[in-house]
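J.: Annotations per Swiss-Prot:
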type	residues	note
BINDING	E1706, D1811, E1814	Mg(2+) 2 binding site
DOMAIN	51-227	domain 'Helicase ATP-binding'
DOMAIN	433-602	domain 'Helicase C-terminal'
DOMAIN	629-721	domain 'Dicer dsRNA-binding fold'
DOMAIN	894-1041	domain 'PAZ'
DOMAIN	1276-1404	domain 'RNase III 1'
DOMAIN	1667-1825	domain 'RNase III 2'
DOMAIN	1853-1915	domain 'DRBM'
REGION	256-595	region 'Required for interaction with PRKRA and TARBP2'
REGION	410-433	region 'Disordered'
REGION	1246-1291	region 'Disordered'
Amino acid sequence: MKSPALQPLSMAGLQLMTPASSPMGPFFGLPWQQEAIHDNIYTPRKYQVELLEAALDHNTIVCLNTGSGKTFIAVLLTKELSYQIRGDFNRNGKRTVFLVNSANQVAQQVSAVRTHSDLKVGEYSNLEVSASWTKEKWNQEFTKHQVLIMTCYVALNVLKNGYLSLSDINLLVFDECHLAILDHPYREIMKLCENCPSCPRILGLTASILNGKCDPEELEEKIQKLEKILKSNAETATDLVVLDRYTSQPCEIVVDCGPFTDRSGLYERLLMELEEALNFINDCNISVHSKERDSTLISKQILSDCRAVLVVLGPWCADKVAGMMVRELQKHIKHEQEELHRKFLLFTDTFLRKIHALCEEHFSPASLDLKFVTPKVIKLLEILRKYKPYERQQFESVEWYNNRNQDNYVSWSDSEDDEEDEEIEEKEKPETNFPSPFTNILCGIIFVERRYTAVVLNRLIKEAGKQDPELAYISSNFITGHGIGKNQPRNKQMEAEFRKQEEVLRKFRAHETNLLIATSIVEEGVDIPKCNLVVRFDLPTEYRSYVQSKGRARAPISNYVMLADTDKIKSFEEDLKTYKAIEKILRNKCSKSVDTGEADTEPVVDDDDVFPPYVLRPEDGPRVTINTAIGHVNRYCARLPSDPFTHLAPKCRTRELPDGTFYSTLYLPINSPLRASIVGPPMSCIRLAERVVALICCEKLHKIGELDDHLMPVGKETVKYEEELDLHDEEETSVPGRPGSTKRRQCYPKAIPECLRESYPRPGQPCYLYVIGMVLTTPLPDELNFRRRKLYPPEDTTRCFGILTAKPIPQIPHFPVYTRSGEVTISIELKKSGFTLSLQMLELITRLHQYIFSHILRLEKPALEFKPTDADSAYCVLPLNVVNDSSTLDIDFKFMEDIEKSEARIGIPSTKYSKETPFVFKLEDYQDAVIIPRYRNFDQPHRFYVADVYTDLTPLSKFPSPEYETFAEYYKTKYNLDLTNLNQPLLDVDHTSSRLNLLTPRHLNQKGKALPLSSAEKRKAKWESLQNKQILVPELCAIHPIPASLWRKAVCLPSILYRLHCLLTAEELRAQTASDAGVGVRSLPVDFRYPNLDFGWKKSIDSKSFISIANSSSAENENYCKHSTIVVPENAAHQGANRTSPLENHDQMSVNCRTLFSESPGKLQIEVSTDLTAINGLSYNKSLANGSYDLANRDFCQGNHLNYYKQEIPVQPTTSYPIQNLYNYENQPKPSDECTLLSNKYLDGNANTSTSDGSPVTAAVPGTTETGEAPPDRTASEQSPSPGYSSRTLGPNPGLILQALTLSNASDGFNLERLEMLGDSFLKHAITTVSLSALILDAHEGRLSYMRSKKVSNCNLYRLGKKKGLPSRMVVSIFDPPVNGLPPGYVVNQDKSNTEKWEKDEMTKDCMLANGKLDDDFEEEEEEEEDLMWRAHKEDADDEDDFLEYDQEHIKFIDNMLMGSGAFVKKISLSPFSATDSAYEWKMPKKSSLGSLPFSSDFEDFDYSSWDAMCYLDPSKAVEEDDFVVGFWNPSEENCGVDTGKQSISYDLHTEQCIADKSIADCVEALLGCYLTSCGERAAQLFLCSLGLKVLPVIKRTDREKAMCPTRENFTSQQKNLSGSRAAASGAGYRASVLKDLEYGCLKIPPRCMFDHPEADRTLRHLISGFENFEKKINYRFKNKAYLLQAFTHASYHYNTITDCYQRLEFLGDAILDYLITKHLYEDPRQHSPGVLTDLRSALVNNTIFASLAVKYDYHKYFKAVSPELFHVIDDFVQFQLEKNEMQGMDSELRRSEEDEEKEEDIEVPKAMGDIFESLAGAIYMDSGMSLETVWQVYYPMMRPLIEKFSANVPRSPVRELLEMEPEITKFSPAERTYDGKVRVTVEVVGKGKFKGVGRSYRIAKSAAARRALRSLKANQPQVPNS
């Protein structure tokens, strides 16, 4: 706008355009509408970018205000033209020359070019040295380097001597080119150019074309002269010209304030006094030595400041400032040592007090009297009054107010898909010092010259506001440049000052204050909102200060007011004319200069006449007209995805045609799908041409679907590929909670495997008999055998249990249970089939079946009824034995009949002994017996195993406790029992176990870590003493008919049947997937059995484990590697039907398994200390083996998979070898005789090494012998694994599938977490690849990202999983037979079970007691107390030996916890015997949390680790809230909200389970991981397709045959190879089942990656010149270079017209790297736990690491972007990396070491660097034909050092570490803004301090703060040595 008011105005005529008075209504131009989208002009681009465009186009002189932009322009120009200088110098290659004025500037330029490009740079600064060089020497230099940076003198010498001719230079850069006007080498160099035919491109850089005052004519002349000398056009940057043509110019007003009339004479008097005092000090004749400080300095300063305030603001302010200065002086006086200095200070102090006294005579300082202020101040207040907002504008206001700070805040998240970034509470509380939300219409700055003026003026305005209601709306503050300067050294005091200033700016930005009084520092560099009022209180003295203060008035309607005293006004008018002239000159030079006047003169065009609008629907539809089109285009560009540094804008070029008309060409940013430039028709003027082309553009954008039907940009949500998502409709349920979240839980029936449904045998129908084989494979190690008990291997006795059913049971893997004797391996083998039984037999069997569950195991309870015919799962469990001396097992009918007859079967037999018929002791009766004391507990008698017969004790022996003399006396006194036989021996007994959950070892927690135990000595002493044993008298006990050996096996039944159930369910799922997805076979070959189920960790190690290797002559060598502590060739003992072990010539029925370990011939015994870490099942001793071993490069044994060594591998027999040879670490192939496998190569097609755990990988421990034949004496029913099978062809091991179905809450030995993480990353990869490659060629990254997150969302996966029927199959709660076990043949009795239905809310993770630990503990105590009355102290009561020893506190703590949190509504009676009273009610507190538990006072000493299951850090929660919750199995966990008041679900524990939606989604991912590890990537993709996630293209049946995917061929051919006719049949069935109507093809690589473009190839060559060096560096050559270019092209790089920008490749690469790294970590032989995996993955897959690696491998030198901010951030980051030169972990401690610890500044990590690291991975993937291997070959070498460093020492994010360390007392503040636009976060660790962190986003700042807190906490911790 032309300034309407340049003439001085008297106040009456002062017409300010204030927002309130503006015709557009009061809400136009609100300051918080920050980044307004321009409607009438294209969004301006950064001035550096404009200048670069100009420089590329012609010779240019760049005039900038500061040095900052110069390097950017020079370096980018060099890079853009670098294709001209890469050639060989001797073959017409050119060179780029930088000229600088002085030697010290050379280094600076060199480092800039080296940092940002890979060009070779030569530096020449010393004229003396280089003057002596010969032409040859120079020639070498020119050949070696491509960019030459030299001082002007060196250059002149080189050119003059003809060593280098100008025609060999492609670009000549002059730094500080204004010097060329003088007589300077620059000028001479330019003279040489005059005669040169092909002159180089010239770039002149100058920042000092304007210095101080300057005459416009001179300036113009200077610029013209410079242009002439340098043959260039001068271009100025917009920072020298106010906002060029883009924004409306402010209205400029000069106000004549009139003279000051001093009626009271006070002003004159004060002025005189001050002058005198100043003169006096100046006259003092004090000699000042140069070293010393001037004593008068402070005094002079203070007095002259005071005088200035008086003159500018008047007496009232002078009085105020005098008061402030007195306070300031006091401080100085107190600290001043030197007498003379002190005297001056005291003099000044007195003088200021005098001033104050004078003022007090005239006015009271308390209130403001306007008679005593200058006219300037009065005018200022008048202006401010005009901005007073109107009252009561109610419309919209509050919303406006609330939304106001949207734009002033940083974009919080670094990128769109960072879901984890916390939402920030953005609404700041408005300060209370202004009355209404409308106050903020003013947004103004008053510029003053001196610091004190600012301070006092602020005081004055505040005072005026109190007195004048018109000014009450003002909320002002001042800011002085003190301490803001970037590079000043800062001390504590400055720091505080700095903080204060920052706070002031923050408030101004947030519009909490609306007026800022500032010194000139705010003119430049500080981030301030657009103001609508700028007042120059002191007139600008030079052009720069005029422009910069004016530049602050950027709001659409703004005023720039200059206040002038009458006497100054004349001279200022002159100045102002000068400034205007200078501005005009510079504006003509501005690279976008268009005459600004045009805007006002041009009327609003009636667009329809000129050019018809684009209308969607004729009547009322949205329309784009000529006048609105540009706004639409700007808005569209602003919505394209981009990083925080780049604001994408359209580029419009307008050219004049010969006939005087104009046409425009519009280019959109390169990541818009509309790639072609749009050319508009010729129009009469420039403005119209620009508008018309925008209109055409809108039409095109709408037609390709980029603008929606309201003509607004299409968001990523309204994707036009919705059909791709085919999201199913959300099922209608009444279940509260968001679908897919943890909060939403639903009930599902528990699955029952088909083969066990209704399979109860019927008379006369054929039956199947299965034997439950049990072999003790790992005896309990001594240090865990506290009572020194004898171990009872189950295979020592022949009688065992079997299963009788009417349907066949598929083969399932063997699995372990953990008894008191150690690990027992269970097998289910078919004994006979097709036989029938009579009704009597079946009735007997049925009665015994019920007897086992009701009496032996006591699992019958009122809620359960035995109804074998109605039960869902019904089959019989019955005893088997060797019948009639034959060696085969059969049903033991005789035994069953004996039991029926026995008196002791149910109750206690009433035997009477008397003196006449005394009790006779027979030893053999007690050798394998269970006994029942006959004198107590008649309703539920206790049962004991006889552990030992003490023949040396009799009832007359001494009783262990002093109260009784002898045992006989004790029984007489206590029970009144007389013994008839006084020399019978006594019995040492053990409880029969009531722990029925034997799935995991007693002494390990679920992660396989040993629980803490009390010291062995203590324990040993305890068990040695008689006091702690239970001693019974045989005469007083009855013998139970069930022998102890069988009883011990019966105790295992619930666990065995439960595991059997689960594995069959998993097997069923495997078969179902085989038919749905075509992965694996529907039914397994009969002779195949999967490897054993295993936990991946193993028992704490036996101190004397032996690693024995069988002698090579041993008949049996079916060795397998099993995850056991003992690496043994477990000779065929374990494959036998009844696990018989034909060892050499032994023929006995049962060989004690231990003989295998210690007596095999030729054994190698290695003592192994207990400190073993089970790696992959091959235990190694840390002292023997330094390092970790990578066995055959794969963890092949996850899951106890018997790894059969197939015959394809020849192994040399060797008998002994040092243990180091067991492992092969660095993957070097060993000599062939020590066969180890190399990964990734399939061996002969059949023996597949799997990609990772889950399938038998054939790997042999060197030294095991391998003969392929089955040993001759193996019976037919034993299985020999046949060579053709592997999980790859048959489908995953059911054990692994079970792992994928088991949640961590089930507290089993395995859970789905590791698999889930692998599946999660593969899923992301699969979805990404398909969305990019096959289907969507033109969607940009934001949309792709949105689609991906929709598909992989928990909500979607949950629906798919539910459709697939997973919830019923999942294992969600801990197995606890008394609580949730349903024995076979039982049904839940609906009437009685109501008492048992648990309200879901009360359900504590399916009840902790379930652990089977607590009830035991209680039961034990109760009993022992009875029997061992002689104990001295009750505290010693110790529970059953397999229970850990908890001291009373633990138990009390747990009680408190359970009772306090009302853990169970249904009380499980603490003694499992009183099965009747199962309905106590414990009520539940509303919300159980740590706070509300009534802990015992000694809670602090409670050792968490020992109660592993009870209190645990629950990582699953951390994901969601970033907070760790110490989870007590508290009810609110399992519920959908007691607190939320939603309905509770009640459900039956035996037949139903309650699962959170998210767990189902996790399970889907884990199953995917399971298929991926077992059957490979193709299988995993097919599995996803079968779920309904289309990750492969569908082929119609017809063309199926032609396009069979090679991988599918493999599947099928492998099927064909199955040996034998059966296999062929199953192969055929397989094909039939697979080839349904759908076939899936393979993903194709998208056909094009370059756009059709006439010059495409040439452009490509130019753009990637020099990239061959990069290809060498990463060791990969691109076949299609366009991918390479695309990977490095940033969205701002508009010179690339032939490919897309890197965003889509980055989206792909991100998923690929995430998957490859996760897979690598998953397969690490160290078998990281889920928590560690998560930490490692987030430490390695993050932007910081990727960016650091990108810089390390020079990615940044090839990066193509045109973005000044990004340029500087990368520059900083690279410098920082060079200094640090050491990569760090998580968040990589990227901070500059600042001495002042006050705030921690995290260095900015440029996201773009991490992005190109990812995009290159995507490019290699595409270029190599979608080969993940290729990508990993390139990336693994780069990442390996980090992977190894972190795996050895897992980093955690500082925020998480802090929250884990101090979860209760850590509080993070919301974000605050700092003065330069960054974010500050404060973390308070209550009681330990507050710590601040600063960064560009909330997340960075938060982690910086957390890191400082951690450093401080760790420093103050007492150092505890790591135990």
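Cβ atoms are placed via backbone N, Cα and C, with glycine included.
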J.: Near the Mg(2+) 2 site, what residues other than E1706, D1811, E1814 in the same chain have a C-beta no further than 8 Å from the centroid of the listed C-beta atoms?
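T.: After dropping the recorded site residues, what remains is Y1702, Q1703, L1705, F1707, G1709, D1710, F1746, G1810, I1812, F1813, S1815, G1818.
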J.: If you count Cβ atoms within 10 Å of each one, which of the binding-site residues D1811, E1814 comes out on top?
T.: D1811
J.: Including all protein chains shown, what's the count of other C-beta atoms within 10 A of the C-beta of E1706 (Mg(2+) 2 binding site)?
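T.: Cβ-Cβ neighbours of E1706 (Mg(2+) 2 binding site) within 10 Å number 25.
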J.: Ranking 629-721, 1667-1825, 1853-1915 by the number of C-beta pairs under 8 Å to the domain 'Helicase ATP-binding' (51-227), which range is first?
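T.: Result: 1667-1825.
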J.: Summarise the domain 'DRBM' (1853-1915) by DSSP state, stating how many residues are helix, strand and coil.
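T.: Once the DSSP states are binned, the domain 'DRBM' (1853-1915) shows 26 helix, 19 strand, 18 coil.
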J.: I'd like the per-state residue tally for the domain 'PAZ' (894-1041) from DSSP, helix first, then strand, then coil.
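T.: Within the domain 'PAZ' (894-1041) the tally stands at 39 helix, 27 strand, 82 coil.
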